[in-house]
């Protein structure tokens with residue numbers, strides 16, 4: 001397992017900041033906290049580290065400015081609050097970072113900007129250019145146009161997508177909790193704190209609880225989801241409390257936090273994009289033999305597919321699901337859903353006779369696939385990743 005190292009030894013760090021850290025429901029923006037955070041960022045920049053910030057708080061800040069009532073907001077109220085809050089939030093970051101002679105650049109993303117390949121590449125190029133000129137990208141979901149059907153829904157997973165998009169080697173999720181426990185600590189006083197998580201297993205996933213604040217849409221569940229996206233792409237992750245001033249300095253000085261080890265070596269940019277897809281277009285349900293073959297680094301053949309779910313087109317990202325019902329991989333499918341159903345369970349040599357044209361032998365080729373669950377030993381997986389990168 002890759003060992004934990006000080007923040008100063010990472011090359012590129014994505015920092016996600018929760019709404020409750022930045023905004024007080026009554027008092028508004030926590031300016032002193034933001035100034036201390038920006039001083040921490042300035043310290044990292046002075047060491048030559050690229051820093052990106054995924055900042056929640058637009059809706060919460062706009063809500064405070066507009067004096068909207070507590071409780072759930074209607075969609076149009078959330079979008080209006082975001083429109084007001086985004087201006088105030090960007091100005092606050094710009095002013096605070098400027099004290100360290102750092103330029104901030106605002107980027108508002110929608111789900112399509114990371115899920116559609118061409119837009120993904122455009123967004124990545126813009127972010128990389130900002131980093132190249134020494135700026136700090138301040139990234140948030142564009143809540144003024146996002147709807148419940150087309151949104152990330154939380155900035156934890158958005159931050160993980162940004163980390164994989166930009167090739168970051170560390171993702172730091174700052175929240176109102178100091179890390180992962182075996183059970184929600186506010187419900188179970190006997191919950192045990194986990195300092196190091198070598199891999200995200202079903203047992204780890206089961207430990208996740210819900211959101212703790214009306215100002216936040218995320219919770220431990222979304223942080224674990226973010227961890228799966230980030231660590232699969234070779235990016236370590238830290239969950240830490242941001243309640244203290246200068247939380248990054250606190251982490252460096254030994255404050256309690258949970259560290260998630262990257263699950264392997266970083267894969268190619270194409271595979272990174274595949275691994276981080278938030279909404280697969282469908283699913284391929286496979287048998288035990290296929291699971292073993294995929295674990296050995298082989299392609300998914302039609303013979304190992306038991307059933308098909310969803311409607312998808314050739315080239316879409318699909319989830320590959322094992323007999324236990326758990327996703328084990330993601331990949332770009334070689335057939336649309338209708339043809340995939342027709343050849344599922346059949347030998348590759350039969351494809352032309354069934355479909356009337358000579359298709360690809362693999363339902364999902366190994367070069368278009370990323371494992372998202374642990375199969376086999378970690379050393380074996382790392383060798384395969386390196387061989388196919």
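Every residue gets a Cβ built from N, Cα and C, even glycine.
Among the features that Swiss-Prot reports, ATP binding site is placed at 16, 175, 176, with the record citing sequence analysis.
Look at Swiss-Prot and you will find 56, 143, 155 tagged as substrate binding site. Its Cβ placed at the centre, residue 143 (substrate binding site) has 25 other Cβ atoms within 10 Å.
Annotation source Swiss-Prot lists domain 'PUA' at 281-358. Within the model, the domain 'PUA' (281-358) carries an average pLDDT of 95.
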Of the binding-site residues listed here (16, 175, 176), which is spatially closest to residue 143 (substrate binding site) when Cα positions are compared?
16
Reported in the order helix, strand, coil, what are the DSSP residue counts of the domain 'PUA' (281-358)?
26 helix, 23 strand, 29 coil
Among 16, 175, 176, recorded ATP binders, what is the largest CA to CA distance in Å?
12
Between residue 16 (ATP binding site) and residue 155 (substrate binding site), the C-alpha gap once rounded to whole angstrom
7
State the three-class DSSP label for residue 155 (substrate binding site), counting H, G and I as helix, E and B as strand, and everything else as coil.
helix
